[in-house]
Amino acid sequence: PTCAGYPLSIFFIIINEFCERFSYYGMRAVLVLYFKYFLQWDDKLSTTIYHTFVALCYFTPILGALIADSWLGKFLTIVSLSFVYTVGQAVMAVSSINDLTDYNRDGSPDNVQLHIALSIIGLILIALGTGGIKPCVSAFGGDQFDDDQEKQRSTFFSIFYLSINAGSLISTIITPILRAQQCGIHSKQLCYPLAFGVPAALMAISLVVFIAGSRMYKKVKPQGNIMIQVFKCVGFAIRNRFRHRSKEFPKREHWLDWASEKYDKQLIAQTKMVLKVLFLYIPLPMFWAIFDQQGSRWTLQATTMDGNFGAIQIQPDQMQTVNPILIIIMVPVVDTVLYPLIKKCKINFTPLRKITVGMFLASLAFVAAALVQVQIDKTIPVFPADGQSQIKIINLGTDNAIVQFQPQLQNVTVKSMESVSYMTFETSRLQSLNIISGNKTTTKEIKLPGENRHTLGIKAHATDIVARLLLDNVTSKPEGNNLIRFINNLPDPINVTLGDTYFGKVMPLSASDYNVFPGGRDYVIFASGGLLTYCSDISERFAFGSAYTIVINKCTSGNLTAIYSEDIPPNTVHMAWQIPQYFILTCAEVVFSVTGLEFSYSQAPPNMKAVLQAGWLLTVAVGNIIVLIVTGASKLSEKWAEYVLFAALLLVVCVIFAIMAYFYTYVDPNEIEAQLDEDEKQHKKNQDAHEKQGEVVSRM
């Protein structure tokens, strides 16, 4: 059946591709933040696992192509691996359910190892699924057209590519919004189950839609994989050359000519052309090493920035949408305006020069990211290192107080109802505190665990001084949100609620746990209990990425008086400063990625496209492995320095590629194949003439 001249089956394939790309990019958008904030991995481990996953996603397409072409066929490969994919997405959604192991209902999982194990299983299944079907779906769509439908096939691929971009753009906007919601049975947390659950549902829909069109599809039987032929040809040439390595055997024009005993001239000539292009691929992974850090380092960078765009609050992982939005704008602008303008200026902007410019621009994008990071670093608080402790003081009494850190480390004066920000001490040296307020003095011996922040709450009564040392348990800036806790400075226990979040019963001169609140708005504070019947107040408008301790100080006629003490300052560098680096990187992608495949296909025969696509995908996989190697080997402690390191590495590779490109000679595969055909005909003609001559001689 057809619709407007197109096979009806392709509409099922396009819907399937949209849902699959929504599922993949939606999950991937929130992945690095899930690692950092749910699994509690540091930036380095989060980046490492993220890039390992992406690398695996680009290694598995070769496996998928081999299964489809040599065994199951495209249809069964897509169905079976889509099922694996759907299971993987579902496992990821389950792994992110906080209440799964939150036995004591304190808001954090008690068996993190189970969540990690489920996450790794889910990611492996997803990588097998998404990578395995990647080379099959577009090719399967192409199979639905007849030979005389070249125009319709071309339009299909354009719509197919549009569905990929639409799925990735929409999901990258939506899933971070879902993640930012609060959900949970026993305690409200960032809603990762919803952020992973919706992509899982879309993947299930994708599979159902694809199977629904089963009866309409043209299913081409497996015909063998050209990649296997190429590998066998190369392998035989190497083995044959090694066997004939002595000088008594004459040299051949090209080392692949040693395969001529077993393989025909056409395959050898095609393999030569492919290897010539693949040789140029060697420097390309460094570009992808930088490009794919949008989803890891740049997203982590955005967590330390201010996402307030007036009426809209942008989540850190939503900044990734800048890339697909700019791609949609930049591709037509570059093709219809920039390239024709360069041509008019009589500049020979060859494909290899475009790729070189793309690599240079990507390097420049990381320099821009480094400059932004330098500004961010000025706003990030310093947390205690190994062997250190930090102490902040809040004076909850009516008199000024002096705190002496013993033995003779530091003396601090704290005014009434004010606080002194965190001071850093060597844990082993700090032994006791001497507190003086009015005419009263008290000494408190302390033994701190180290690598933690603490708050010292002090209050002078008529006869004594009460000092409480509270563990803050905060080791990083909160991601785009705010951490809020309460200290009760009233004589009786009170119940505290901020907005819809209940903090529980807070005892006198004690603190509640921190809870997460989105920034950019204020909340209503409720307090009740003891002599208080009911008290309320509107909180301050919280910014982004801050932590506050709110002291409940008194209640007069139902009006609550609260004092705000800043534990972590809010983010002050705006996310808009990331737009220049995204713009430069998108420009790099347009001239690099689009040109790269176009150039590859122009330099090799049509039947070798699968080999070149596999090689291209491998450059992406190797690029992500380079991130792992550089991250693991680098001893740089500053993030901006790592950005500069990657920029410098790509710049060096860019120069090497420019030299390789300078010596590259462009070829026309059609001409070479036509010449081979002509040679073959001439050879056959000569052979026939020789045979006829032999017949004449035999008759004489």
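Cβ atoms here come from the backbone N, Cα and C positions, even for glycine.
A Cβ distance under 8 Å defines the sequence-distant neighbours of the transmembrane segment (49-68), meaning residues of its chain 6+ beyond its ends; these are 28, 31-32, 35, 41, 74, 77-78, 81, 123-124, 126-128, 130-136, 139, 222, 225, 227-228, 292-293, 295-296, 610, 613-614, 617-618, 620-622, 624-625, 627-628, 631. TrEMBL lists 49-68 (among others) with the feature transmembrane segment.
Look at TrEMBL and you will find 75-94 (among others) tagged as transmembrane segment.
If you look up TrEMBL, you'll see 114-133 (among others) marked as transmembrane segment. Only residues 6 or more beyond the boundaries of the transmembrane segment (114-133), in the same chain, are considered here, and those with a CB under 8 A from a CB of the stretch are 20, 24, 27, 34, 38-39, 49, 53, 56-61, 63-64, 67, 77-78, 81-82, 84-92, 94-96, 100-101.
The transmembrane segment feature in TrEMBL is assigned to 154-174 (among others).
Panel annotation: around the transmembrane segment (194-213), residues 8-9, 11-13, 15-17, 19-20, 22-24, 26-27, 30, 34, 78-79, 82-83, 85-86, 89-90, 92-93, 95-96, 171, 174-176, 178-179, 181, 183 of the same chain, lying at least six beyond its termini, place a Cβ under 8 Å from a Cβ of the stretch. The transmembrane segment annotation in TrEMBL covers 194-213 (among others).
Sequence annotations record features per position, and here TrEMBL assigns transmembrane segment to 273-291 (among others).
Look at TrEMBL and you will find 325-342 (among others) tagged as transmembrane segment. Through the fold, the transmembrane segment (325-342) approaches residues 165, 169, 349, 582-583, 586-587, 589-591, 594 of its own chain, all at least 6 residues removed from its boundaries and within a Cβ separation under 8 Å.
Per TrEMBL, the feature transmembrane segment maps to 354-374 (among others).
According to TrEMBL, the feature transmembrane segment maps to 610-631 (among others).
The transmembrane segment annotation in TrEMBL covers 643-664 (among others).
Annotation source TrEMBL lists region 'Disordered' at 678-700.
Feature annotation from TrEMBL assigns compositional bias 'Basic and acidic residues' to 680-694.
When the stretches 75-94, 154-174, 610-631, 643-664 are ranked by Cβ pairs under 8 Å to the transmembrane segment (273-291), first place goes to 610-631. If one looks beyond the transmembrane segment (354-374) by at least 6 residues along the same chain, the residues whose Cβ comes under 8 Å of a Cβ in the stretch are 283-284, 286-287, 290-291, 297-298, 301, 573, 577-578, 580-582, 584-585, 587-593, 595-596, 599, 639-641, 643-644, 646-648, 650-651, 653-654, 657-658, 661.
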